[in-house]
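Undergrad: Input: one structure, supplied below.
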Amino acid sequence: MSDLFSLNKEKKNKIVYTNYSAKDIEVLDGLEPVRKRPGMYIGGTDSNAMHHLVSEVLDNAMDEAVAGFASIIMIKMHQDHSITIFDNGRGIPIDNHPKFPDKSALEVILTTLHSGSKFSNNVYHTSGGLHGVGISVVNALSKHFKIKVYKQGKLYSQSYSKGAKLTDLISAEASKRLRGTSINFTPDPEIFSEKLHFNPKKIYEIARSKAYLYRGVSIEWECEVEVPSDIPKKALINFPNGLKDYLSSKISLDNLVIPEIFSGNIESTVDDIKLEWAICWQNNDTSAFMQSYCNTVPTPQGGTHEQGLKSAILRGLKAYSEMIGNKKAANLTIEDILETASIVLSIFIVEPSFQGQTKEKLVSNGVSKLVENIIKDHFDHFLSSDKVLATHLLEHVIAIAEFRRNKKNERNISRKSVTQKLRLPGKLADCTRTSAEGTELFIVEGDSAGGSAKQARNRETQAVLPLWGKVLNVASSTLEKIINNQAIQDLEIALACGSLKNYKKENLRYEKIIIMTDADVDGAHIASLLMTFFFLRMPKLVEEGHLYLAKPPLYRLTQSNKIYYACDEEEKIKLTYKLSKASKAKIEVGRFKGLGEMMPAQLKETTMHPEKRSLLKVTLEDVQNVDKIVDDLMGKKPEKRFQFIYEQALVKMDQIINKLDI
């Protein structure tokens with residue numbers, strides 16, 4: 001492979017050994033790690049990552065507001081594409097830091113990772129923010145960064161560039177009525193592209209989202225650059241009724257099933273929780289949505305707070321139906337109830353636990369039951385206070401449930417008739433569910449992997465098909481070879497949907513088709529061959545979103561009788577570092593040779609359990625050119641593959657070099 005990255009065709013077999021000593025070990029000081037690896041701190045260097053800088057500064061201002069110290073926040077986009085964010089809170093401390101007596105606390109916060117007042121509950125009871133690194137990361141990634149602190153009749157200011165101090169802390173007289181913190185910054189084009197600038201609409205939406213999450217805060221918005229017609233140049237963003245106001249602005253009030261929005265705002269000092277929600281039901285599901293937050297941080301993957309809300313609504317409606325003697329609601333599911341519901345949920349708790357670094361899913365223990373009990377109590381009162389309204393809502397969700405069951409019965413009849421006509425492959429371990437909805441087919445290679453998968457599966461919803469023989473590369477094979485290939489025959493029979501022009505989605509026997517191969521290079525090759533089959537023989541199946549790739553682990557790490565898994569070398573290195581920092585106990589690393597080597601329980605836990613696994617959804621971004629792309633990469637002409645690899649290598653070379661630790 002290394003030959004692809006060199007124009008020199010002369011092969012050199014001589015190995016040159018160099019000294020490797022302490023001087024070769026690189027130690028990064030201060031904010032250097034942020035500038036060298038920005039993706040580790042803000043998730044990348046694209047537009048989303050750049051706008052995350054605004055969210056981070058705004059989160060700090062919001063924390064002052066949530067704690068009750070600020071009531072006004074100002075956001076201004078300037079003509080030079082810089083942005084200023086101000087809050088009238090207490091102002092960042094400017095006295096000398098006890099640990100660094102020659103530096104102000106302000107300078108320590110701006111130049112030191114993992115510094116601030118959010119690591120204890122003494123200053124902020126609840127807070128958002130990113131990874132505990134906060135404003136120092138914004139400073140490190142800004143070409144210009146100027147901070148002003150209004151405190152006790154004084155104005156303190158300081159300037160930075162790329163994380164380095166340009167001026168000492170300057171003090172000047174100011175009005176005693178002024179207090180708070182003002183930050184002006186411009187992202188560094190060396191980190192982000194020079195073509196990237198802040199998007200006014202995106203910043204405005206970020207500001208709106210923060211304002212409705214805390215009803216006591218007003219955000220003053222001003223933009224000097226040109227804005228879209230649907231974004232104001234100046235505005236006072238304020239939602240006095242919080243989430244209820246926000247939900248009302250997002251929906252059509254004329255399209256509601258019931259005229260009332262079920263909302264609440266509860267703060268409990270006993271349970272250390274602040275909870276707010278707003279729910280409405282509409283006459284169709286085209287505009288239904290669910291947004292949830294924890295400490296103003298969006299949680300698009302949900303979590304324990306969403307689980308609590310769903311349980312409360314389901315229990316509440318079922319209890320009401322029992323009270324009025326309506327037996328049709330006995331088999332209601334939460335999917336029926338929320339089919340046409342639009343929901344906004346916000347929770348503030350102490351020391352929340354999130355899944356992953358990007359904080360997209362809340363996993364705090366005890367939150368689900370707490371949220372369920374609070375919302376269930378209020379939902380019971382909501383339903384009992386207006387029985388006409390409650391009965392109408394109940395009839396609406398029962399109608400949805402009956403429609404779902406009727407469709408399921410139709411699919412069952414269709415699927416049974418298809419199944420009865422088929423002679424299914426002998427190696428197929430089919431699932432017991434008769435409808436395609438919620439079912440999965442795992443495609444594995446060989447009996448060894450198939451045996452483990454069959455034991456690990458959920459027999460009701462998960463089928464396993466071990467492929468016999470070599471998986472054919474359909475891009476370089478004749479039609480005769482494709483038709484006569486045993487593995488392809490088994491696959492097409494099991495799917496039952498036909499191929500090419502004969503493809504019929506209504507005959508597809510499974511909702512998800514999951515390619516599950518070994519986590520090594522050989523497994524990736526087999527997965528590529530199978531994807532080639534689907535791209536060329538069943539492109540509609542891919543377009544409709546049925547094809548997935550499983551992510552089995554390649555490594556198993558054991559420390560103090562606890563087992564961890566890593567999908568690749570990079571994840572193994574990160575996990576090893578994390579475990580070694582947390583404990584001095586020995587870490588044992590094992591490498592799986594393949595899926596067949598894994599115990600069924602391990603395979604289920606890591607790769608097949610719907611709530612614990614990770615799946616990659618396969619999509620077609622360029623449908624028109626998919627045949628050409630697949631032919632270049634998988635076809636009969638190796639020179640096309642070489643050309644593709646060579647071109648990609650030239651494009652990526654600088655990035656590869658920058659990622660190497662020497």
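Heads up, the Cβ atoms here are built off N, Cα and C, so glycines get one too.
Feature list, courtesy of Swiss-Prot:
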type: BINDING; residues: Tyr20, Asn60, Asp87, Gly129, Leu130, His131, Gly132, Val133, Gly134, Ile135, Lys359; note: ATP binding site
type: DOMAIN; residues: 439-553; note: domain 'Toprim'
type: BINDING; residues: Glu445, Asp518; note: Mg(2+) 1 binding site
type: SITE; residues: Lys470; note: site 'Interaction with DNA'
type: SITE; residues: Asn473; note: site 'Interaction with DNA'
type: BINDING; residues: Asp518, Asp520; note: Mg(2+) 2 binding site
type: SITE; residues: His525; note: site 'Interaction with DNA'
type: SITE; residues: Arg641; note: site 'Interaction with DNA'
Undergrad: For a quick check of packing: other C-beta atoms within 10 Å of the C-beta of Asp518 (Mg(2+) 1 binding site), how many?
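TA: Summing over all protein chains shown, Asp518 (Mg(2+) 1 binding site) has 24 other Cβ atoms within 10 Å.
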Undergrad: Counting by DSSP, what is the helix, strand and coil composition of the domain 'Toprim' (439-553)?
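TA: When I sort the residues of the domain 'Toprim' (439-553) into the three classes, I find 58 helix, 20 strand, 37 coil.
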Undergrad: Going by Cα-Cα distance, which of the recorded positions (Gly134, Lys359, Glu445, Asp520, His525) sits nearest to Arg641 (site 'Interaction with DNA')?
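TA: Nearest in space to Arg641 (site 'Interaction with DNA'), counting only the recorded positions, is His525.
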Undergrad: Hey, does DSSP put Asp87 (ATP binding site) in a helix, a strand, or just coil?
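TA: The residue in question, Asp87 (ATP binding site), is strand (DSSP, three-state).
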Undergrad: Determine, to the nearest whole angstrom, how far the Cα atom of Asp87 (ATP binding site) is from the Cα atom of Asp520 (Mg(2+) 2 binding site).
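TA: Cα-Cα distance, Asp87 (ATP binding site) to Asp520 (Mg(2+) 2 binding site): 51 Å.
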Undergrad: Highest CB neighbour count within 10 A among the recorded positions Lys359, Lys470?
TA: Lys359
Undergrad: Count, for each of the binding-site residues Asp87, Glu445, Asp520, the other C-beta atoms lying within 10 angstroms of its own C-beta, and report the residue with the smallest count.
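TA: So among Asp87, Glu445, Asp520, the binding-site residues given, the one with the fewest Cβ atoms within 10 Å is Asp520.
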Undergrad: Counting every protein chain present, what is the number of Cβ atoms, excluding its own, within 10 Å of the Cβ of His525 (site 'Interaction with DNA')?
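TA: The answer is 14.
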Undergrad: Quick check: of the recorded positions listed here (Gly134, Lys359, Lys470, Asn473), which one has the Cα closest to that of Asp518 (Mg(2+) 1 binding site)?
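TA: Given the candidates Gly134, Lys359, Lys470, Asn473, the nearest one is Lys470.
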Undergrad: Counting only residues 6+ away in sequence within the same chain, which have a CB under 8 Å from the CB of Asn473 (site 'Interaction with DNA')?
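TA: When sequence neighbours closer than 6 are ignored, Asn473 (site 'Interaction with DNA') has Leu529, Thr532, Met634 within Cβ distance under 8 Å.
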Undergrad: Looking at the recorded positions listed here (Glu445, Asp520, His525), whose Cα lies nearest to that of Gly134 (ATP binding site)?
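TA: Closest candidate to Gly134 (ATP binding site), judged by Cα separation, is Asp520.
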